[in-house]
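This report concerns only the one structure given below.
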Amino acid sequence: MKSALLIGLLLCGAATAQKNKEVTTKKNPHARAQPVGVVPGQLIVKFKKKGNANGIFKQLAKAGINLSPIRELGDGSFLVEFSEDSGLSVSVLGLDVKAGGSVIDALDKKTRQALDKLNKFFDIEYAEPNYVFKPAAVPNDQFYSLQWHLPKLNMPKAWDYSRGSNVVVAVLDTGQTKHPDLIPNYVAGYDMLTDPKMGGDGNGRDSDPTDVGDGGVCDDGITYENSWHGTHVDGIVAGATNNTEGVAGVGWGTKIQNIRVLGKCGGSMADIADGIRWAAGMSVPGMPANATPAKVINMSLGGYTGTACPVTYQNAINDVVARGVTVVVAAGNDGKNASGSSPANCNNVITVTAVNLNLTKTYYGNFGTNVTLAAFGGDTTRDDNNDGYGDGILSHLWSPDGSEWYYAFMEGTSMATPQVSGVVALMYALKPKITPAQVKDILKRSATPLASGACTQGCGSGILNAAKALELTRALP
Ligand SMILES: [Ca+2]
Ligand SMILES: [Ca+2]
Ligand SMILES: [Ca+2]
């Protein structure tokens, strides 16, 4: 159909960070689970001889160290309580362990001296603080330190609430690739492209959502390189995380369902609308049932139509939202009011614009009252964090000819949108019965408002704050 609405990819520039020496030699300083504090007023003490614990406690009291046993632990040591007047001061949670130092150095001086005293007491094998360990919420992926967007989204704290539990995010995009840092999180998807010319795989719809490349000459006469756009988006949602390879995704346990709706020169709304319904587990004529329906649909796609939301889109969106599925869409990269960009201007969606590393709206991000909130789209023309790379979003990619996989920085509302989808998946993981209306309300209430002047034309409620969103989600009945 000639008049089919063609949908463009919502990305701007791309700068590659290949697996070169400079990147691969960076070490992640947070890979180990470190003690982050101590339980105030508690120690663990082991006596050299078993059987005379009471006698030793009395001797210690005579020496001015009043300890009262709480319980004996499995190895015969004692968890004990001490008080200020025992000669030990009560220490605090949340110790600031300096690089190269230890948690002992971070204890207050009085406690350190007292531990030292106890450890010299002849009947004591050892005494140590009752450390508090946190989950290793900071992942060990090789290039995590270049993923500035993750700490800025407050992800490490959010991962203490949830790292995902097999919630499926449908990514309606250019399809999937065999990037080794993505494959573990895929579930079966579909190739929705009916037009073999767009599909480029010699047929119409089929069950293989592999991205065979979307490059070529389009109606505008321009020759486009393969974008591997879906691969980059997939990685932001839920690249394989904490596997020491590559980068981390927003969800560790989240699953990705690739629904290929964009091919050479874009994709048609008819295919995309079918993809929306199929993603949610609804029946689509001529298609098999979706065995693993999605709870979240990510659409890092759109086009500036200058008109209202097309009915075809709105009906599909309303149908899936009624089934409890949350639809997250990119606001678009036109630097215009999102009211003219679809599906950003549809009802019942979460529309995401893009801010840069400095928490300011990007030059390209669409704006206005249709925008729900912002996440990080980045700006590859700047290096404000001085890491030697343009400040885009680092994720999975391939060389244009598809011969080499690597990691690359890209910018766009396409990159901001999957950050929101990834956090929404964690919300569903925490509360599987959460409704799309509750998701939207929580995202808005938990967003960090932008500073005055950072987005004068409207970025919704502010910037995505993953930890706060999950805190509010956890508080739901
Ligand atoms: Ca096909
Ligand atoms: Ca990884
Ligand atoms: Ca940078």
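Heads up, the Cβ atoms here are built off N, Cα and C, so glycines get one too.
Automatic prediction, not curation, is the source of TrEMBL annotations.
The signal peptide annotation in TrEMBL covers 1-17. Sequence annotations record features per position, and here TrEMBL assigns domain 'Peptidase S8/S53' to 164-462. Sequence annotations record features per position, and here TrEMBL assigns active site, charge relay system to ASP173, HIS229, SER414.
Taking CA atoms as the reference points, HIS229 (active site, charge relay system) and SER414 (active site, charge relay system) are 9 Å apart. Under 8 Å, Cβ to Cβ, and six or more positions away along its own chain, ASP173 (active site, charge relay system) finds HIS229, GLY230, VAL233, ASP234, ASN258, ILE259, ARG260, VAL261, LEU262, ASN298, MET299, SER300, LEU301. The Cβ neighbour count for HIS229 (active site, charge relay system), using a 10 Å radius and every protein chain shown, is 26. DSSP gives SER414 (active site, charge relay system) a helix state. Each residue in the domain 'Peptidase S8/S53' (164-462) has a pLDDT score, and their mean in this model is 95. Taking all protein chains in view, 31 other C-beta atoms sit within 10 angstroms of the C-beta of SER414 (active site, charge relay system).
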